[in-house]
Every structure is written in structure tokens, then in C-alpha cells.
Amino acid sequence: MFRTHTCGELRISDVNKQVKLSGWVQRSRKMGGMTFVDLRDRYGITQLVFNEEIDAELCERANKLGREFVIQIVGTVNERFSKNSHIPTGDIEIIVSELNILNSAITPPFTIEDNTDGGDDIRMKYRYLDLRRSAVRSNLELRHKMTIEVRSYLDKLGFLEVETPVLIGSTPEGARDFVVPSRMNPGQFYALPQSPQTLKQLLMVSGFDRYFQIAKCFRDEDLRADRQPEFTQIDCEMSFVEQEDVITTFEGMAKHLFKVIRNIELTGPFPRMPWSEAMRLYGSDKPDIRFGMQFVELMDILKGHGFSVFDNATYIGGICAEGAAGYTRKQLDALTEFVKKPQIGAKGMVYARIEADGTVKSSVDKFYIQEVLQQLKEAFGAKPGDLILILSGDDAMKTRKQLCELRLEMGNQLGLRDKNTFACLWVVDFPLFEWSEEEGRLMAMHHPFTSPKPEDIHLLDTNPAAVRANAYDMVINGVEVGGGSIRIHDSQLQNKMFELLGFTPERAQEQFGFLMNAFKFGAPPHGGLAYGLDRWVSLFAGLDSIRDCIAFPKNNSGRDVMLDAPAALDPSQLEELNLIVDIKE
């Protein structure tokens, strides 16, 4: 037996017990004739004491222990003289009588501490060391607890967990697929699933009326803080349901997770916001409603006064930051540079301060008399001490998105985005289609299987861009944690959808014939939702990136620097797969 207890288990009630512990050396220090060693395992840290007056040879061996040595000790639990209130085992220590070195270790490239000195790249390269840190390990423990709660919750509601294939056919709609060559079928490829979408719909046709899966998904897309090339979905589907049924079920799951994971009781239904309102007031389909600063359109007030930037704009909008009139010129210049960054793309920013006497002082005073500036103040309901920030542009949607970035930045600067405050909502009534300039055609805003609102079906022939989707996203603190829709279950309507998306009947049959044929055998009305497990864990753990809630993530370039993947294949493997690599310049 390597241990009788873990390193986080022993308490003052265990004094005088003889115990056996195993773990890693966190640190050691010598004080007079005593050597103190902090022994760490997954469960915590226990202080070990070696006394040269009791056993000089044992103490000498302890002095040679290095960081991350794997050791086993036998000793007696003793009440600690200098207690440590920061750790659960801080009232006790172990007087060691026996030491076994199970494995030595070279000096790690960074300190295995919560406040490590390791940068992101080195931590990713030695991820197995990074995972020894409690700050990272606790995220995976949280993830484990969440998956247990999800399974328990859905099981009680009669959902069945069904695994779907990971090697499937490629579909060009949506993000790019990761593809896998088939050795047995030369020149042909599998794709890794972006989601189990069509497969779970087939399960509904099969009569599995309540399905779920903790599903690994893959998308070959540009990465950012809340994206990884492989990620995990809590994937769910239900038969004989309408939108209200799905929302009720999964809002209930969200409330359950908040209660058991964060001990937060969410009462009342989550607010719902149409997509058009979210874009108009927040410039985003995932608005952070922890704070105000809703957009106000200012075209009627500010256009036509000789300021060419506004006079030539097709959209002028602003936000009001309460109590921020004290911003210095340097701070305002920094905000201007922020919105002018290439990834945001604004050409500049106008500001207006509400002075203590109620007058308005702006950066464009020479174009606007005080009467007009007072109208500006009234449009926001602004008070003395407030700061109004304004953007304009020739594309309303782009300008709103720029204003969204400015709003979030102001929320950060003013401390309005507390990670321990949670604001949940459903965004509903999305457009069914969006126009792609790159493709020169309509694209499905969600996916081709999303049902239109029944009351909008008549518009499919005359004004498809006006058709709303029977779709819904759950947004928490400005993060889309899940989304879904009621699906099309009628083969004629599905064919119409493919036609509007530019599919020929032959192409639709080639790519989705298996689903269309299944519908002919009686498909029930069905719908579902997928939660992003990584995003939920990140949200509850207060992380800025989903990377630290994934055991072995990729970096921002999509590389696994620990495994050095992706990598070139051996020529013999390429030959076996009938592949030739031809890298374009």
C-alpha cells in the first residue's frame, strides 16, 4: 500500500495516528536542525517534518529531495506549532520516520504553483506539469462535476445517452471540416463531425424521443478565446416539442447547474430578447446585460449640422457611461485608438461630457450649438458627470458592432462586468438566412435544418430575407453558452430550404439524401439544443479562455505544442493512403 491517506485529508482529530502518504515534493526548506517538506497530491498539501536530532541520516536524505520528486513517507500526525490557515491541513504536520524515493525529477521549467512563473507557451509544452497546479486541476474537477450533474438531470427527464459516429461524411455548409483519408477507399475521405446534427435528427426518426450526448465536435476555423478546433457539446434533441418545450427544459437545466455548481438560486424565467432588438440596442446577438449603456440612435439629432463625418453617415449611435465625465484627454485618446484598431475598424470617436451645471461639452462643439447638445443629453437621459461616446459609419450593422466593442471596453474599465454576477437571457427570432458577400448568396444563419417560424413560411417565395427562424440561443454574461432550434421535419419544406440556399436537387440528394429519405418514413416534429460544455465550465470558473478548462488544449494557432501536432506524415503512410502532398506557395 502506497498510502493510507491523501495529502488533503488529515486533520487535528488525526493527531498521533501513524500514516503513510505519497505524492510530489512541492517545496522544501531547512531551518536549523529541521527540514520541512510540503508534499502535494491531487487532494492538497501536507507538511512533513524531518528532525536531525531524531534521525540525522533520514534528515540528510530529505535535504537532497528536489522539487517534484515522487516520494512515499511513513510518519506520525502531530499538531502543528505554527498553523497555516490557508490550507485545510494547516493544523497538522507529519513527523517522518521513513522515506522512500519513488522517482526523482529534473528541475521543472516553471514553478508548479498557483501563481506560476511559466508563460503560456511553456505551460502548453509541458501541460502535464501545468495540470499539477491546483488552479488548473480544479477546472477539470469542476468539469467532471458538471458532466455528472448533466447526466443525472437529463436521465431523470427520460433522456437516453446515445453515442453517434465520429467518422462521418463531409458537408460544406458551415465551418470547414477536418477530414480523414480512408485507406480502404482510396481518394475518399471521412469528416470529423462539427456537431451530431443530422445523426440526432435520425435518432428522432428512429423513435428515440429524448436523446443526449456529451459529444466531441471538430471545426477547422479561426481560433479565439472561446474557440478550440475540438470542443465538447452537451448535445440534446427531443421529439413532439415546440420551442417553448425546449426552452423550458434547458432553462431548467441551467438553473440546476447554477444551484449545484455555484450555489446560486436563479428565480423566475430568463428574459427573452428578439435578435433585432439585441442588434439595435447592443450591436450583438449575445449581449452582456449585466450593465446598461444601451445604444441610442442619433441620426435625427446630429445629422445635417455641417460636420461631414456625421452628415455622410448612414448610422450614428452612442452610449452613455454614467459617472465617467472625469475621463482625461489621454484616456479618451486611448479609447479612440481602441475603436480604430483593425479588428474593430472605426474611423474615430466623438465624445460629450455632461458638466456639473448641466451644459454639454463635446469634441465637436464648433459644429453644434448648446441647444442641439442638450437634445443629445436628453436622448440618453444623461446627468451631470456622465460621458457620451459616439460612433458613426456608412454601414449600420458594422458600426453597431464597433459600438458593441466600445461598450464592452467601457464595461471593463468601469468594473461593470463582475465575473461573479450572472445575467442570463434567451435571444430569439433570429433571421433564418443571412447574406454572404463572399458566396454571393443566402446562407443559413444557423444550419439548413432550422425551421422557419410557421407564420413566416409564406415569405419563403417572396421575401426569404425577412423570414425568422424558430431558433433560440442562451446567452450568459455576453457568452453564447448554447443554442438550438425547432427542426424542419417535412421533406418538401426541407427541399425548399435547400433550393433557397442554392443547392441543386442533385447536390441536395448527394449530400443529405440519407436524411431526406428518412423523413419519408415518418419524421416527428422535433427540436433541440446544444450547450457548449467548455464555455459553461469557463463561465463558472471565471476564466477568460476555455483553454484552461480543457485537459490538453491547442494553442491559438491550432497546434498541440506538447505532442507537436499537426505534423507531416511519414512517406510510407502517404503512399498507403494514396496521397500526394502539394503545398501551394
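For all residues, glycine too, the Cβ spot is worked out from N, Cα and C.
Non-local neighbourhood of His446 (L-aspartate binding site): Phe430, Ala469, Ala471, Gly483, Ser485, each in the same chain, at least six residues away, with C-beta under 8 Å from its C-beta. The L-aspartate binding site annotation in Swiss-Prot covers Glu173, Arg219, His446, Arg487.
Secondary structure at Glu480 (ATP binding site), taken from DSSP and collapsed to helix, strand or coil, is strand. Around Glu480 (ATP binding site), taking its Cβ as the centre, 17 other Cβ atoms fall within 10 Å, counting all chains. Look at Swiss-Prot and you will find Arg219, Asp220, Glu221, Gln228, Glu480, Gly532, Leu533, Asp534, Arg535 tagged as ATP binding site, backed by sequence analysis.
Counting only same-chain residues 6+ beyond the ends of the region 'Aspartate' (197-200), those with a CB under 8 A from a CB of the stretch are 164-165, 168, 211, 213, 235, 237, 447, 449, 512, 514-515, 528. Positions annotated as region 'Aspartate' by Swiss-Prot: 197-200.
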Helix-strand-coil residue split for the region 'Aspartate' (197-200), DSSP-based: 4 helix, 0 strand, 0 coil
For ATP: widest Cα to Cα gap among Arg219, Asp220, Glu221, Gln228, Glu480, Gly532, Leu533, Asp534, Arg535 in Å: 19
Overall pLDDT for the region 'Aspartate' (197-200), taken as the rounded mean: 95
